[in-house]
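Annotated in TrEMBL:
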type: DOMAIN; residues: 227-481; note: domain 'GP-PDE'
type: TRANSMEM; residues: 41-65; note: transmembrane segment
type: TRANSMEM; residues: 85-113; note: transmembrane segment
type: TRANSMEM; residues: 125-143; note: transmembrane segment
type: TRANSMEM; residues: 163-183; note: transmembrane segment
type: TRANSMEM; residues: 192-212; note: transmembrane segment
type: TRANSMEM; residues: 493-514; note: transmembrane segment
Amino acid sequence: MADPLACCRPCATCLLCLYSCQWITAKKEKRKGLRTTKCDYSWFLFLFCVFLFTLVWLYFAIIILNDFHNFNEFIFKQKKLWLDWSLVLLIATAVLITYAAGLLVLALCLQLCGQPLKLHWLHKTLLILTALVVAAAFTGLGIKWAEEWKSARVSLQATGPFLHIGIVGGMTLLAWPLASFIYRTRNTGIKVFLLLVYCAVMVALYLAPLGITSPCIMEENQLPPKPALVGHRGAPMLAPENTLMSLHKAVGCDVQVFETDVMVSADGVPFLMHDDELTRTTNVQAVFPERAALNSTAFNWTDLQQLDAGSWFLERRPFPTVQSLSARDRYQATKQRIPSLEQALEAAKQSNISIMFDLRPENHSDYQSFVNATLEVILQSGIPLQQVLWLPDGFRDQVKQQAPGVQQVYGRKRLQNEKEPLLHVNLPYQDMSSEEIRQYRQDNISVNLYVVNQPWLFSVLWCSGVSSVTTNACQVLKEMKHPIWLLPSSTYLMIWIVVDCTSFLTILWAFLLLK
């Protein structure tokens, strides 16, 4: 057997100090006759598992960034506190993964240098805390935000091929410390067990591409047209949401549809507003402090026009893009007021874009009067009815009779034996698989998925053939001329073979070199 890899004494001393929190030279350590015990190896295994656990959480943290604005809004509704919690998430995750990865690298270096793995009790405590924090994060995700598990499934369609290459690379590098340990340990049972486990994992990884499917593994000439963009409340990264400024910014992003939310004031005027209360997107607490907690529909139109619907955007900075706004845009934002549906329809008509909206709240006792008031404004606005996309399910038959030209958009999948075929569906992106999207496309059903902000997600849906996506980041997706990646099947097969062969030869070299 070969001696452990050469490792200078100062380096070994530093490694021992950082890992064991004891400044003992390698020479003294050997004189003491200390060796790595079974308990020490157990802690190393725990360290490795915690590292993998935090690595998986890092992946989830990156994936859920696409939907994190919804979480920020949820916290505001509950606590009336606005903060970009995505920064807190990323910073905390980065600290945990850096700590676990640093300790793991130290342990592997000590193993290669032939030094004992005496993990200090402080590191043990911190590792347990790290595992508990990540477990709590996963538990909270499962309880309060279960749809993000579906988001992870969608993300694997984009990242699967690259995750495979990364994992194969990581396991290949692990062959060096593993070979060093196997040749130095005297326990035959442990040797055989580790070799069998390692070989089983590598064989599974080598064959994994057989089970990896991605809509972006296709030939260039098979790529569907780029999905149309639907501005979610306009262009909320560039202007205060549900304002005329936001609508005009969305037009500048080449969106084809302005998506918004409509409520009806106490005196029967339909206006644009998403939240049940006005506190998040207006200064209602300053203007009407005693009425701030009332439902948005409890205010008459005169009161609503007194509210500032733009300054909050500059103060709370719901998106990082707010910092890069020009002075002109900042000034314009401070002048925004709550627009009426009539004003929004006129702007949409002049800009030649469609408008799609929900009518809220659907459980209101006067909902039918809301529908009537909204239909009256639409019919009087002069906008071509085919530019209006109707989302609400309530009193849909009445809408079809009074405004037959309005396009009906359904928030559900089609049913078997559907009496009237669906032409447009609007669903969360987690609720439709690539296969379903392709089938709907073949059946000439327009599919709009929401809310899509990240380029990786837009790329997957583009390759799947979705008709359009609702987005907060129209300025980003507008610039995408091509999916982030597109691989012909033959190219992917070649990469798969090269990666697996390179990995196998590297592992073989590691075991032969250290023998």
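Using N, Cα and C of the backbone, Cβ positions are placed for all residues, glycine too.
Just so you know, TrEMBL annotations are computer predictions that nobody has curated.
Of the two recorded stretches, the transmembrane segment (125-143) lies close to the transmembrane segment (41-65), with three or more CB pairs under 8 Å once pairs fewer than 6 apart in sequence are set aside. Note on the transmembrane segment (41-65): residues 71, 86, 89-90, 93-94, 96-97, 100-101, 103-104, 107, 117, 119, 124, 127, 130-131, 134-135, 137-138, 141, 145, 148, 151-152, 155, 159, 454 of its chain, located 6 or more positions outside it, place their CB under 8 angstroms from a CB of the stretch. Stretch with the most C-beta contacts under 8 angstroms to the transmembrane segment (85-113), considering only 163-183, 192-212, 493-514: 163-183.
Here the transmembrane segment (192-212) has long-range neighbours at 160-161, 164, 167-168, 171, 174-175, 178, 181-182, 492, 496, 500, 503-504, 507, meaning same-chain residues at least 6 beyond its ends whose C-beta is under 8 angstroms from one of its own. Model confidence over the domain 'GP-PDE' (227-481) stands at 96, taken as the mean pLDDT rounded to a whole number.
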